[in-house]
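Right, one structure below, let's go through it.
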Amino acid sequence: MGLFHHGAENKTCPVKTLSNPEQVKYSNGMSFHEMAVIGAGAMTAFASLISFFLIMKHATHYSVPREQKHIIRIITVIPVLAIISFLAVVSESAAQYLTPPLTNFYEAWCFASLFMLLLEFLHEDNYGRQEFFSNKGTLKKYNSMNFMVFQFPIVSFLIFVATDITEAAGIYCVQSNKPFFAHIWITVASMLTTTLAVTSMLRFYNATKTELAHRKPGLKFLAFKLIVAVNFLQTTIFTFLISGNKLKPTDHYTYNDITIAIPNIITTAEMVLFSLIFLYAFRTSEYVIGKGAQIRGKEGRYMGGPLGMTALLEAMDVRDMLYSIATAPMQCCGGNRKDFVRVTGESENIALTSTEYGYR
């Protein structure tokens, strides 16, 4: 009968029978939804402006391109999540296609960028990282961690597509956790892929924290991990409250206000907080020429181009990330340094070609 249909009586998603009470406006003459749009819009604008300011600081102080392009990508998670959440508040009918599947996908993409930043902190190319873990006798563990992190954006994208397809087909059914609807399976898949990625990143951080202590990656890791953890927890709580029919409308809040607007307003508020945390966690001081710390590969001049446009274009060129994602399974299956050398090529020409295109 198929995974999502075990019987004719189970083919229809339960329809919400709750009717919204007659809505009473607040003393200022506005409904909750109108105030929600204004509040979410204001917080989105604030978080986006702070993030844009930090991005431009890196773009105009672009002295270590191989690191700062990842930092610019990471910072974009703030405005993107805030804007998507704001759009969900404005258009509640489109929210089911935006949050959480689209926000989770972009979050996973930036999480992979953070991992690539930590890899750059450790060594400027993958062969050097393989050498590092091989000397410690933990190469297979590193390859496994590498794969578990890079599966995150791929699986999150598949979850995003599956959510929209099953939603359109009428078999997603957020109101039910029964196994013949897609919702429960997609939720479990999302929990699993997130858990694997976060635990693998933790293992990598613990394995390299001594060697990376001078770069102080802990705050960067913590700041982004909090975004993942808070979003994961918030999504899980609201998912089960909605599917368990625990949320009821009132004369001030419609059912959509409670299940869509409020969670997304909370997200925009969280992005305001994280935009301020990112100002410190991803500050530019170490990249300022003549003032910052000595960093391997630090140029004697800024490489960001006029108004940082070169830096922004490099950050948008994601071929290096796609290459890392595509080769992670092969690297994981290789298991040892010999396999890696045989696959990637030991010749100087191949190494130079990889470096030229930014494939690390």
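Even glycines carry a Cβ here, placed using N, Cα and C.
Keep in mind that what you see is a predicted model, and the values were worked out from it rather than measured.
The transmembrane segment feature in TrEMBL is assigned to 35-59 (among others).
Residues annotated as transmembrane segment in TrEMBL: 71-91 (among others).
Proximity of distant same-chain residues to the transmembrane segment (103-122), defined by a Cβ-Cβ separation under 8 Å and at least 6 residues beyond the stretch ends, is recorded for 66-67, 70-71, 73-74, 76-77, 80-81, 84-85, 128-129, 132, 149-150, 152-153, 155-157, 159-160, 190, 193-194, 197, 201, 204-205, 208, 211-212, 215, 217, 220-221, 224, 227-228, 231, 235, 267, 320-321, 324-325, 360. Per TrEMBL, the feature transmembrane segment maps to 103-122 (among others).
Here the transmembrane segment (143-162) has Cβ contacts under 8 Å with residues 101-102, 104-105, 107-109, 111-112, 115, 182, 186, 189-190, 193-194, 196-197, 199-201, 203-204, 324-325, 328-329, 331-332, 334-335 of the same chain, all six or more residues outside its ends. Residues or ranges marked as transmembrane segment by TrEMBL: 143-162 (among others).
Long-range Cβ contacts of the transmembrane segment (182-202) within its own chain (Cβ-Cβ under 8 Å, at least 6 residues beyond either end) map to 3-4, 100, 104, 108, 111, 114-115, 118, 144-145, 148-149, 151-152, 155-156, 159, 162-163, 166, 171-174, 176, 221, 225, 228-229, 232, 235-236, 239, 243. Among the features that TrEMBL reports, transmembrane segment is placed at 182-202 (among others).
Look at TrEMBL and you will find 222-242 (among others) tagged as transmembrane segment. Proximity of distant same-chain residues to the transmembrane segment (222-242), defined by a Cβ-Cβ separation under 8 Å and at least 6 residues beyond the stretch ends, is recorded for 74, 77, 81, 100, 103-104, 107, 110-111, 114, 174-175, 177, 187, 190-191, 194, 198, 201, 259, 263, 266-267, 270, 274, 277-278, 281-282.
Positions annotated as transmembrane segment by TrEMBL: 262-282 (among others).
Within the chain carrying the transmembrane segment (262-282), a Cβ under 8 angstroms from the stretch's Cβ atoms is held by residues 36, 39-40, 43-44, 46-47, 50-51, 54, 58, 71, 74-75, 78-79, 81-82, 85-86, 88-89, 95, 99, 103, 219-220, 222-223, 226-227, 230-231, 234-235, 238, 253, all 6 or more beyond its ends.
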